[in-house]
Every structure is written in C-alpha cells, then in structure tokens.
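Participant: Below are the features I grabbed from TrEMBL:
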type     : residues               : note
ACT_SITE : Cys357                 : active site, nucleophile
BINDING  : Glu259, Asp286, Asp304 : S-adenosyl-L-methionine binding site
DOMAIN   : 119-427                : domain 'SAM-dependent MTase RsmB/NOP-type'
Amino acid sequence: MSKFTHSVKVPTQYKATAKILKVALEKQKSIKSLIFEEKHARVRSLQAVLKHYSDNRGAVDNAIEETSLLKDNPNLDSALAKVLVTELIFGRGQLNGDSKPVQTVREYKERLEKAISGSNIQKKEPNPRYVRVNTNLLSIAEALEYLSSEEWRRKELPAEATYADFLTAIRAMEEDEFMTDLHVEGVLIFHPKWAHYWAGHDFVHSKKFILQNKATSLAAELLAPPVGSTVLDLCAAPGMKTLHMCNVMQNKGRIYAVEQSQERYRALCDITNEAGCEIVTPILGDALTMDATRCPDVEYILVDPSCSGNGMQSRISVCDEQKDDKRLYKLAGLQIKILSHAMSAFPNVKRIAYCTCSLWKEENEQVVQRCLQLNPSFKMLSCKKALRNKWQNVGDKEYAKIGKNCLYCLPDSDLTDGIFLALFEKKRDGEEE
C-alpha cells in the first residue's frame, strides 16, 4: 500500500507558481509579466520563490539531476519539482501540506542539500536590504530613535574609514545590526535576512520608509538640487528618485515630474501624494515634447530613460540572457534623443544627471559620448570626486575624458543594483572643457 495520500492536493500557490515557471522556461517569457497576468493572488507573494530560482538556477537544476529526483519519480512535474526544491533549500526551508509531490521532495531534502553543498555552483548571496528615510514624513533623528527603541544596534565606522572598510563592515554585519550609508544621507542598511520584514513594515506602507536600492539613491545625491531650486525629472515613474530629490530639496522649490504611460503616471501621482511631496507637479506627456514653456525656469534635470535593465538585481530571469544588439540600438537611439533634448531645450539648466540600470556600454558611455558631440556647451563632472573619491568603479577608460568621470555601481563589488551614472554641467561662456 502506498505511503502517500493521493487525495491530498498540491497547494494552489505551488501549482500556479510551477505553471508560471513552466511557461517561462518553455516559451522564454518574462516571469514578471506572467505574474502580473496570473489571477491567483498568492502567486505574487511567491515571487520570492521564483527570484530564488532565478538566482540559484544552476544549483537547483544540478541538485535535481544529481539526486535523480525526477528520474526516480517520473510522475513528478519538472517545473513543480524546481519550485518545491527552491522553496525547501533557498526559500522558507519548509513546504506546506502533505501532497505526494511535497512529501517526495521533503524525503530528498538531505540528499539535495548534500548535492548543493558539494557542488562547485555557489549559492548566490543576497545583497543587503536598503531602506531610505522619507524626510518629508520622518526626520533621520526620529528614524534612528525608532530603530533604537526596537533594539536594533547601529554599527558605526570611524570618520577616516575608506570605502573598502565600509563594504567589509556591511558584509560582516550581524543580523540585529544596521548601518547608515557612507554616501547618501538617510539610507539605512540592514542584513539581507530582513528584506521581507521591511517589505511588510508599517513604516514602509505609510511611506515613512522607502524601499530604494542605494545605487538608485545616488542619482539625487549627485544631481544635488539646492533647496528652493526648479528641477525636471524627465522619465519620472514610479517616482522613487522624484521623491528622493524632494527630500534633498527639503520639500521646497518645484519638481516637474514627467511620465508618458497613463498607468505609470497614476503610480507616480499616488506615491508623491502619499509621501508628502508638496513641490511635485506630475505631467502626463512625452519627455521629448517638454520645453521651457511647459516647464519654465528649469535648473536641474534628471534623465533616467527606459533601458535594458540588465543591472537590476530584482529581475527574475530563467533563461540565459543574450545581448540583443538590435534592441540596444533602438534603446540607445531613444536615450540619446532624450538626453540631448534635456541639454538643448532648457536655457536655464545648470546640471544634468543621466542614469540607467544597464551595464551595457551602448546605453552608457556611448550615449554620453554622442550627446557631448551634439551639445558642446556641456562638460562632464567627475561622479567619483562628487562622492569624495570614496568609490571604486568608474567607466571604461577606452572612452577618453568620459569613462573616468562616469560611475558604475556593480552588484558583486558594491553590494547594490547595477547602475550607471553620468553628471553634466553647462559651461560658462567662453569656457573650455
């Protein structure tokens, strides 16, 4: 007689998640779009499982092969096996229910763990959880006082600490410790274990805390619009950088926040309203149609256009992403148009920050190079110098006078998302670069 109770069904969230993974693997479709289309509410909560599989795909597939899990159990669906193994080994460490597939994978737990520990494929260590204080609603002093009252221990570095010291300290952080960022005021750093804790925290739901990666926080830090200035955010949604610039400006001045997509525009309006941004004017429209008449007196511009996004650590991919030259060519063409438009359409502009979440040169140094050729009235500023030289990764030195002034955030070395940043300043009359 079978030791399994066949009448016990596989929990719906596992089946629905396996269905998404199967379609993604077989048809090379985007997991995020498949999750968005899925009607079953619990699937979005299991996005973490798919992310764990994306990050540890080689280790999971190798362990399933090495333990003969599918070979020994030919009726076990391959995609479901991958979901269950991922949840058991890299996720919550336990499985719900007593269905046959769940019990089968549970029985293989020790063998799976042994296969993974003996494999040359390393488990991907997650980067820390970054939480930024929204100073429209909560002061940094109040945030630190709150964390202390909740028995978080602040890990502090000496004033002379280098960037290497800072990264070493993050890697060695205890689970009950947190740090304040070396570069961006109001960015708090927590152990990766607390990623989901903060995602569900009341301070995040009330927008007192913003879940924003440190790398993307550098855009407002480098643009540094003064209190009372007039800023244009040309590709603003979902609004995290818009909100951060509002914080930098102490909610004084004006920010024109432009977004072309109706749905993303609504999200932009929602977050700026909920986060207490009194100086933001959301505009539904095309960035290339904005000018000094529509957005008068603009002094500072952030250009954060659509890009390939291959630097984002939150991306969930289950196929080996190939470089798509045709797509990069189209994206770079649009990026050049938008950045060049920012340089030419606003006579009072003083400084422009260009930002992508791409690590491809075609969207980064090459865009910068072309825009400087088209707009000789602008010069580059050194992003590294703006961060008091406490940074490591800059652009490609093959791009003379450009690479050294650009900045890259790299996931493995900077413990952030992959981001590219460049900073431009309008030359004074008669000034040579």
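Easy rule for this one: first residue shown is 1, then count along the chain.
Glycine is no exception: its Cβ is also placed from the backbone N, Cα and C atoms.
Keep in mind that TrEMBL annotations are predicted by a computer and have not been checked by a curator.
Remember, it's a predicted structure, so these values are computed and weren't measured experimentally.
Buried or exposed, and what's around them? Tell me for each listed feature.
Facilitator: Listed in sequence order, Thr216, Cys307, Gly309, Asn310, Gly311, Met312, Asp417, Gly418, Ile419, Phe420 are the same-chain residues at least 6 apart in sequence whose CB falls under 8 Å from the CB of Cys357 (active site, nucleophile).
Residue density at Glu259 (S-adenosyl-L-methionine binding site): 26 other Cβ atoms are found within 10 A of its Cβ, drawing on all protein chains shown.
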Participant: Highest CB neighbour count within 10 A among the binding-site residues Asp286, Asp304?
Facilitator: Asp304
Participant: For the S-adenosyl-L-methionine site made of Glu259, Asp286, Asp304, how many Å separate the two farthest Cα atoms?
Facilitator: 14
Participant: Mean pLDDT for the domain 'SAM-dependent MTase RsmB/NOP-type' (119-427), rounded to an integer?
Facilitator: 93
